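Novice: Got a structure for you, questions after.
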Amino acid sequence: QALFNLLLPDHAADAFSPPRGPELSCWDALLERLLGGLSRWDAEHLLFIAERGYLYEHNCAFLPLYPLSLRALAQGPLRPLAPWLRPRSRLLLSAALLNWLLAALAAAALYRLGLAVLGCRRLPFLAALLFSVSPAGVFLAAAYSESMFSCLAFSAMWLLEKGQSWLSGLLFALATGARANGLVNAGFFLYSGARRLALLLQEGSGAARGVWRQLLGLMASAALPCAGVALPFAVFQYYAYMRFCGSGWGPEQPVPSSLLQLALDKGYRVAAMDEVKPPWCSQPFPLVYTYVQDSYWNVGFLRYFELKQIPNFLLALPVTLLSSWAAWTYVVADPRHCLTLGLERRKSEEESKPRAGFCCPAAFVYVVHATVLLVFGFLCMHVQVLTRFLGSSSPVLYWFSAHLLQEHEPLLRTEGIDNETTASPFKEETPGGESAAPCGKGTCANPVWMLLRNWRLITPLSKCVLGFFLSYWLLGLILHCNFLPWT
């Protein structure tokens, strides 16, 4: 991104661009040269919130956990750099360091989640490698909350699979504090409770003695985590209401005249400084988030369905087709399991080990989760954001892509290629074994790199999957980092 930011001029985009304050020092200028491409578009909002708080009304479209984390890192471990770097530069450095760490942890969490859900090692390992070259890669590195959300959400899903529901609920709640779409994750607890109830009722009357007591217990065990997941969002709405609709919750620090002038020029509403209250304050349920999305970005049901938006729909076409194909593949593989919502106890599951892989029964709730996000994003959001929306929220995009490569790429099933390895690119763990990763010739083998090195030999489907991941990864760096339109 530093190279592309240096070679290409920034596009004059109509994006949020607050005044930078005093003249840059040589160290500030150097850091801007190196990491400036990570502060484009929405990153400006998050960096501004971390430095100034929620000064403008439209800043409330971004939830507070990520900006608070940046501020804590900039004012804590990076505080000794204050003589050389101004606050914004330290925040930008904090974002780069934090996101690099969180993206790596998210890949590890995705791998562990795959082990728990898919019942094999090959698919989760390949999916984690694909996550490392995610088509939403630039947003996992830039000063966006996507990497934090991915890390928290994938970790919470993994812990829920391990039965640690309370710790999982805590991480899901933190994820909601980073991004509003974390509210959808409450569905995992609802489904978990519904499945336990269905299995209880199918055990028969003898095992269901005191069924009402158990029913109430299951309802409580599902309702409390759901409430916890929604709590950060609700608390933030209350904070915004008191800040923009109440009194006494003005800016934490004096507002520079340049920021007040920007608000005047752009029509931004400043916290506790306008005598007329915003219209959302008088609503029965005053939600600043939905108001800002509606008023400032025109986000709403079918609002994006215009002829001029056709290029953006084309931009979202690969991830839309891939996610739709994933849902269709899963439904076709086991229609009865999908029709019964996975709540029916199958004799085949009792008598033998459930099948492993992408189409395993345990993946059902994740496929539903991805499909809900896809439909909502396609109909109600700016459709071009679907790539990063799904890429940072759902493991299905990576599981299904890995499934396609594993099922249809012969090179992943051969013993070696040009004598480069003495073992299969994937090495399954034997029962009771402890091998932690696919290995070849004494070192850990990377199947994605192996496929890229043998590009001419791989199938057209593999070229399409890898081409989508790598082209969007590269184009994101080129376009996003220079204020050019992207996902």
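Glycine is no exception: its Cβ is also placed from the backbone N, Cα and C atoms.
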Novice: Checking feature assignment: transmembrane segment per TrEMBL, candidates 165-194, 255-284. Which range matches?
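Specialist: It is 165-194 that TrEMBL describes as transmembrane segment.
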Novice: Mind checking which residues reach the transmembrane segment (464-486)? Cβ under 8 Å, same chain, six or more beyond either end.
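Specialist: Cβ under 8 Å, 6 or more out: 1, 4-5, 8-13, 15, 36-38, 40-41, 130, 133-139, 142, 315, 318, 322, 384, 387, 401, 404-405, 448, 451-452, 458.
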Novice: Restricting to the same chain and to residues at least six past its boundaries, which positions have a Cβ under 8 Å from a Cβ of the transmembrane segment (123-145)?
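Specialist: Residues packing against the transmembrane segment (123-145) from afar: 1, 37-40, 42-43, 46-47, 62-63, 65-66, 70, 91-92, 95-96, 99-100, 103, 106-108, 110-115, 178-179, 318-319, 357-358, 387-388, 391-392, 395, 398-399, 401-403, 405-406, 426, 437-438, 446-448, 468-470, 472-473, 476-477, 480-481, 486-487.
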Novice: For the transmembrane segment (215-240), find every same-chain residue at least 6 residues outside the stretch whose CB is under 8 Å from a CB in it, and list them.
Specialist: 54, 60, 63-65, 165-166, 168-170, 172-174, 176-177, 180, 182-183, 185-186, 189-190, 192-194, 196-197, 200, 249, 286-289
